[in-house]
Amino acid sequence: MVASIEPTLVSEDEEEEEYKLIEKTKEEDHDFDSLPPWGNLLVKQDCDFELKSGSQPLAVSKKLKMVVDGEIRVHFLEERNEEILSRRVLMLSRSNKVRSALEIYESMKFSGLRPSVHACNSLLSCLLRNELLDDALRVFVFMRTNEITSGHSYSLILKAIANVQGFDSALNMFVEFGGYSRAKKDFDVLVYNTMISVCGRVNNWIEAEKIWRSMQENGYVGTQVTYSLLVCIFVRCNQNELALDAYYEMIQNGLKPGDDIMQAVIGLCTKEGKWDLALNLFQCMLDGRLKPNQICCNALINSLGKAGKVKLAFKVYATMKSLGHTPDTYTWNALLNALYKANQHADALRLFESLKRDQNSQLNIHLYNTALMSCQKLGLWEKALQLLWQMGASGLLVSTPSYNLVISACEVARKPKVALQVYEHMVHQKCTPDTFTHLALIRGCIWGSLWAEVDEILKIVAPDASLYNAVIQGMCLRGKFKSAKKLYMRMREIHFKPDGKTRALMLQSFHKDST
C-alpha cells in the first residue's frame, strides 16, 4: 500500500533566496576565454586530498574530466571583488556552463580569492548534473578545507555518492562527516532528510531510526519531508510502532500531515486491528478536505468488517462512492465478509445476488466462496449447488475449498447423498480432495446412517488420525459402540493417537460394558 507513496526529497536550494534578485548582465554572457590570460598557464592540479568512506577511498581526480576539449585555464582577473566573481560562478553554474564556471572558480582560487558558499554549492550541483562526481568531490574538499560548507553541500554530495556508489558508501561518508556527533554544526535538517531518504531506498529502517534519533539529540526539528519519509519507511518495513511514533511527533511539532502520511497510518492501524483509530484518522482527512484513496477506503472497510462493525463499514463505503471511487472486488469482498462476520448471512447472499445482476461487477473466486460460506451456515444446499455450477459456467477454476463449502452445506442440511454426488463430481473434475473434504463427507454419511459409504471412504483415502477420530465419535454418538471399538483397536494398531474426545467416549463405552 505504501510502496509508491514515499515523498520525493525536494532539494532546498538555499542560494535561490539570496540571489533571487540577480539579473543576467553582460558579464554573465561574457566569453571568459577572451579575458587576458597569464600566458598559457594551466590549472595546477596539486590537490592531494582524499575523502575516505569506510575501507573504500574516494579519490579526488587529479585531472578535470570535461566534456569540452582542452584543459581548464586560469585567467587574469581584472575584477577582484569576491562577491561579483562568486555571482558569475553562480549564474554560469545555473546556466549549465560547466567549463566557464570552473575557469572562474579556479582563477579565484589561484588569485587567493574565495568563492562564496552559494557559488560553490551551485557549482557542485552543476558538476553532479553533468555526472562529474570526481570533480564535484574536488570542489567539496576545497569547501571543507576552507570551512565554507553548508548543509546543502553535504546533502548534494551524500545523495550523489548514494546514487553512484550505493547506500553503504553514503552511510560511511555520513558517519565520517560526524553525522552522529553532537558537535557537528554545519549540518541541517536537509542533510538528515537526505540520509533518511537514502535509507528508504534500501528499506534500512534501523539506520533510518538511528539517523532520526541523532537528529533529535542534536536539537533539530523535523520537517514535513522528514516525517513523511519516516512514516513510509517504517510502514513499508512493518515497524508500525515506530511509524506511529513519527506520526505523533509530527503532530506535536505542529506540522500538518499530508494525505500520504495519513493513508499510511490508516493502513498500519487496520493491520494492527486498531479500527477506531483508523476511523478517526479517516474522518480527520475528510474534515481537512483531503481525499482518501481507494486502497485506504478498502482497508478501513475490511478492518471494520473484521471487527463486526457492519454499519460503520457500509458508511465508509458510502463515503468512498461520494469521493468518486468505483468499488472493486476487494470492496465487495470486504463488505460480504463484514456481513458474514456479523452473522447476517441472508444479507450477504442478497448483496452477492445484486452483484451478479450488475454487469459491471467482476465476480471472482473469493466472492463466490464468501457466498458459499453463508450458504453453509444456513444449510442452503440447493443455493450452494447453484453457485457451484455458475462458477464452472463462468470459466472460474473451482478449487477444493469451494467444493468443501458445498459439501459442508449438504452436511448441515442432512443431505449426505447429495454430498456424495458433489464429491464424485469433484473427483471427476480432477480436483484433489483434502482432509476437510473427507471429514465433512464422513460426518454427513454418519448422520445419514450410510455406514457402507463410511467404510468405503476409509478404505480409499490415505490413513488419517482425524478421520478415525471423527468416525469413532460419530459411531459412539449413534450408539454403534461395537463398531467404534473395532475401529478404535484398528486405529491403535496403526499407531494413530486418539484425541481427548475419542478417549472419553471409549472409556464411557467400556464402563457400560463392564456394568
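Every residue, even glycine, has its Cβ placed from backbone N, Cα and C.
Those TrEMBL annotations? Automatic predictions, nothing curated.
What TrEMBL records for this protein:
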- 116-150: repeat 'PPR' (REPEAT)
- 188-222: repeat 'PPR' (REPEAT)
- 223-257: repeat 'PPR' (REPEAT)
- 293-327: repeat 'PPR' (REPEAT)
- 328-358: repeat 'PPR' (REPEAT)
- 364-398: repeat 'PPR' (REPEAT)
- 399-433: repeat 'PPR' (REPEAT)
- 464-498: repeat 'PPR' (REPEAT)
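Within its own chain, the repeat 'PPR' (293-327) is flanked in space by residues 1, 259, 263, 266-267, 269-270, 273, 275, 278-279, 282, 286, 334-335, 337-339, 341-342, 344, which lie at least six positions past its ends and keep a Cβ under 8 Å from the stretch.
Through the fold, the repeat 'PPR' (364-398) approaches residues 329, 332-333, 336-337, 339-340, 343, 345-346, 348-349, 352, 355, 405-406, 408-410, 412-413, 415, 418, 422, 429, 431 of its own chain, all at least 6 residues removed from its boundaries and within a Cβ separation under 8 Å. Panel annotation: around the repeat 'PPR' (399-433), residues 365, 368-369, 372-373, 375-381, 383-385, 387-388, 391, 440-441, 443-445, 447-448, 450, 453, 461 of the same chain, lying at least six beyond its termini, place a Cβ under 8 Å from a Cβ of the stretch. Mean pLDDT for the repeat 'PPR' (364-398) in this predicted model: 93. Per DSSP, the secondary structure of the repeat 'PPR' (223-257) breaks down as 26 helix, 0 strand, 9 coil.
According to DSSP, the secondary structure content of the repeat 'PPR' (293-327) in residues is 26 helix, 0 strand, 9 coil.
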